[in-house]
Amino acid sequence: MDNFNPTEPVSSHSAGPDTHLAPELRTPLRDDAFALTDETKIDAIAGHFREIMHLLGLDLTDDSLKGTPHRVAKMYVQEWFRGLNPEHRPEVRLFENRYTYQQMLVERDITVFSCCEHHFVPIIGKAHVAYLPGEHVVGLSKLNRVVQYYARRPQVQERLTRQIAEELKNALHTEDVAVLIEADHLCVMSRGVNDTSSGTLTAEYGGAFGQDAQLRQEFLRLIGK
Ligand SMILES: Nc1nc2c(ncn2[C@@H]2O[C@H](COP(=O)(O)OP(=O)(O)OP(=O)(O)O)[C@@H](O)[C@H]2O)c(=O)[nH]1
Ligand SMILES: [Zn+2]
């Protein structure tokens with residue numbers, strides 16, 4: 001493997017990315033998950049991916065193929081799996097609810113681009129999140145950022161749904177949070193059962209959303225379900 005040196009200096013984080021979440025909601029990571037810099041990871045992954053391409057019989061001297069190992073490695077570390085790096089965890093800014101807005105707030109159709117942890121192919125869909133404001137309201141874009149942070153990891157949809165809900169409950173200081181995700185799994189569409197018409201829905205209803213069927217119905221109506 002080219003340029004791989006496991007003893008290279010470590011990045012600054014020591015704690016895992018999810019220590020703020022309940023243990024069963026944490027993405028399973030090795031204790032030394034942050035022992036390598038991103039640059040070192042990219043070099044090492046590129047080396048392994050080059051080997052995969054070689055084993056598939058591809059000619060890596062070809063103009064179009066020779067940069068692929070590095071492209072894929074960079075895509076994994078900096079894009080698809082950037083949510084594994086706690087440095088990318090969004091800060092959720094709250095504002096005083098001066099206007100005493102008390103109805104549910106819904107952020108719907110948030111783009112979800114994630115990756116199936118069983119097959120390493122995309123999960124593509126939408127997340128809808130809602131909460132009941134108390135003394136504070138949240139900057140809207142932070143809802144999208146929280147979804148994106150947890151989506152950009154190897155995932156199963158159930159854990160993604162629960163991680164987002166938990167993060168929002170903590171950040172907004174309320175249990176009254178709803179999260180619904182509808183997504184297509186490329187592992188179901190493009191291989192195995194090869195079903196391109198089914199989709200997967202997951203939901204988490206916290207606090208009042210779990211207790212009050214009418215509130216839940218209103219949420220579902222507002223997101224067009
Ligand atoms: N619960 C859950 N399952 C998922 C998710 N993404 C993919 N899977 C499933 O994970 C399962 C892995 O099953 P295996 O039998 O080990 O793998 P496989 O032989 O590739 O399975 P097939 O896809 O049926 O061909 C499959 O049924 C996938 O559909 C997800 O987000 N949640
Ligand atoms: Zn899969």
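Glycine residues also receive a Cβ, built from the backbone N, Cα and C atoms like all the rest.
Straight from TrEMBL, the features:
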- 1-24: region 'Disordered' (REGION)
- 1-14: compositional bias 'Polar residues' (COMPBIAS)
- 46-223: domain 'GTP cyclohydrolase I' (DOMAIN)
- Cys116, His119, Cys187: Zn(2+) binding site (BINDING)
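Packing around Cys187 (Zn(2+) binding site) is summarised by its Cβ count: 18 other Cβ atoms lie within 10 angstroms of its Cβ, all protein chains included. Mapped onto three states, the DSSP output places Cys116 (Zn(2+) binding site) in strand. Within 8 A of the CB centroid of the Zn(2+) site residues Cys116, His119, Cys187, the other residues of that chain are Cys115, Glu117, His118, Phe120, Val121, Ile123, His185, Leu186, Val188, Arg191.
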